[in-house]
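One structure coming up, written as structure tokens, with questions to follow.
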Amino acid sequence: MKKMNRVASAVMAVAMAFSLAGCSGGAMSEVSGSSASAETESKTSESGSEQASTPESSGDTIKVGILHSLSGTMAISETSVKDAELLAIKEINEAGGVLGKQLEPVVEDGASDNATFKEKAEKLLLNDKVATVFGCWTSASRKAVLPTFESNNGLLWYPVQYEGMESSPNIFYVGAAPNQQIVPAIEYMSENYGKKVFLLGSDYVFPRTANEIVKKQAEALGMEVVGEEYTPMGHTDYTTIISKIQQAQPDFIFNTLNGDSNVAFFKQYKDAGLTPDQIQTLSVSIAEEEVAGIGASYLEGHLTAWNYYETTDTPENEKFVEAYKAEYGEDRVTDDPIEAGYDAVYLWAKAVEKAGSIDVDKVKEAAGGIEFSAPEGTITIDGDNQHMYKPVRIGKINADGLIDEVWSTDEAVKPDPYLSTYEWASGLSTQ
Amino acid sequence: MELFLMQLFNGISVSSILLLAALGLAITFGLMGVINMAHGEFIMIGAYTAYVVQNFFKKYLPASVFDSYCIVAILLSFLVAGFCGLILEKLIIRKLYGRAADSLLVTWGISLILQQGARSIFGSPNVGVEAPSFLENSLKISGMLALPYKRLFILLIAVICLLGVYALMFKTRQGRNIRAVMQNRNMAASLGVNTSRVDASTFAIGSGLAGLAGCALTWIGAIGPTLGTNYIVDTFMTVVVGGAGSIIGSVFGAGFIGVGETAFEFMTTASMGKVLIFVCVIILLQFRPKGIFAVHTRSLED
């Protein structure tokens, strides 16, 4: 039994290491990537990562990189963004390509692992010599590849809303800056639901930074933060948190939980007998695709804040949703990051056409002021910080798992990643 | 007071979930000594079985009998996961008895294969399982004190499984054979026990219990390819703290971790609660390296 026991303690040590790092999900699954990436590679085999050293614009094609997690915990979200980017590339190619050349996607799997992201970014920039990269989802993965893009003067189009406080000259941020999602959402909630807010998030960069912003804003709006809780990634039991929420009696919950945790939280929230009528929640990480995995019955009536919903009423969106479903199946849904990934490809193509070259510096220079009639409405690149002017929308999740808009800004909001136009936010960016 | 009772119930509920998830492991790891890192994936198999059963009921049977899917799902998840366990044992595990470190690596590899398999079959996004309608809502005792029926039901399942395992181990011929083989394989074999059959069936039962746990977990958590990884750490901890080899130890292990974690989480934060419970476990294992209920054997193997 002694031997057995030694092994048992070894297991415990390994187990604890996983768990304490807060990445039991990621760590376990990152290795499982190989077969998924093999699948993707075979799908895009013509794009040929084998012929790696060919120069970028040889012949009639321009190579563009796509770098998302196609395996591991983040594959849930990122696979669809990749699909949308490939759809945009296909559409552009069918319409004659860019500068008369066809686009050739090189798809790489970041495997939900930041080191892999960095490695693959290097491969795309140095071996494949791609003209640009569309990719990343988590802020951690973006921060991991940022130095690579800066030192090699690459170009990254980042499709997801994020916590702001960043503007790299080599990244275009197509998702929302905080003032295009979080800040207007808190304003809306404090006007319509009340002044007492409970902050709930997963324990990593985005929720903590977002909540720093919310706390400053709450102070300025005369609101009261009655609770602030962070749970490790992969946390499965929310009963204690729900007890704390019931005790704190907030007017609404600002939810920045990510991934599987949302499923556990909302199921258990409903089990505890809580409804959005009693305590409303506002989530910034739950889009249509996540709704399907959580179950619409648990989420009906809860609020979200984004720039785009599948139900957004524009002619461009009708076309986009139809094309996406025709390509990938009727049961697929579109959502904000998917749409942003799609927009990113078009924005880059427009910038290249305007610059008349795929040279990164020329494209960057040409990009400022470029407009695109996106599914969410007209978005414009802000040349100063390389973020987008975007409309902001608050939506209510309905019984069918789609999100109905309940409020929106009249026009596209100017991006302000450092919140420099808000007096209460002074001091945030230095943190 | 209300809050205290609510938290106490939450603690017991978390314990029952842990126990249910760990019971299978208490058998495969505790009794058989196989460090089965794929245990979490058997939980996942059970969860997906429940999902498939639910879809079948939705599609082919009248809505009035939908609620009874949960009975079918519970049985099938046990059988499907048990069957997968049986195949795994026949193909791989049987070659690894007594090679703990190897079995750790191999089963970890298997867990990755199973995860990717689930991803290929069901896709990487989470899937949803509707709980039967009689499990919606909660038993309201007072304003804040509401006991969700799902959690009471899971508690009930855990107790039934526990009693079932106990009865199997101590009241049946099969159980006696299992205990004999685990205590002294050669002696049991020479007395006419077919050890390889006992191994296979024991492993299948352990895996089946994991599948059953997976079915129950669909009502309260996420169902995705990586479902198992969320529970594997806690289940191992439960078995090790309780004392490998002791079923009753697993009950105490689950109670210790479940109640302890909810209490710490309530007093501090979720992340801190996790850290504190780990600290407690480390301290506990310093003083009781074999867990709360150490199994004393006369074995000379070490």
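Placed from the backbone N, Cα and C atoms, the Cβ positions cover glycine too.
Dumping what TrEMBL says about this protein:
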TRANSMEM  B:12-35  transmembrane segment
TRANSMEM  B:66-88  transmembrane segment
TRANSMEM  B:152-170  transmembrane segment
TRANSMEM  B:203-224  transmembrane segment
TRANSMEM  B:236-259  transmembrane segment
TRANSMEM  B:266-287  transmembrane segment
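Help me picture these features in the structure, burial and contacts included.
Within the same chain, residues 42-43, 93, 96-98, 100-101, 103-104, 107, 151, 154-155, 157-159, 161-162, 165, 178-179, 182, 199, 202-203, 205-210, 212-213, 216-217, 220, 231, 234-236, 238-239, 242-247, 249-251, 253-255, 257-259, 261-262 sit at least 6 positions outside the transmembrane segment (B:12-35) and bring their C-beta atoms closer than 8 Å to a C-beta of that stretch.
Long-range Cβ contacts of the transmembrane segment (B:66-88) within its own chain (Cβ-Cβ under 8 Å, at least 6 residues beyond either end) map to 38, 42-43, 45-47, 49-50, 53-54, 56-58, 110, 131-135, 157, 200-201, 203-212, 214-216.
For the transmembrane segment (B:236-259), the list of distant contacts is 8, 11-19, 21-23, 25-27, 29-31, 33, 162, 165-166, 169, 182, 277, 280-281, 284-285, 288, 290-295: same-chain residues at least six beyond its ends, Cβ to Cβ under 8 Å.
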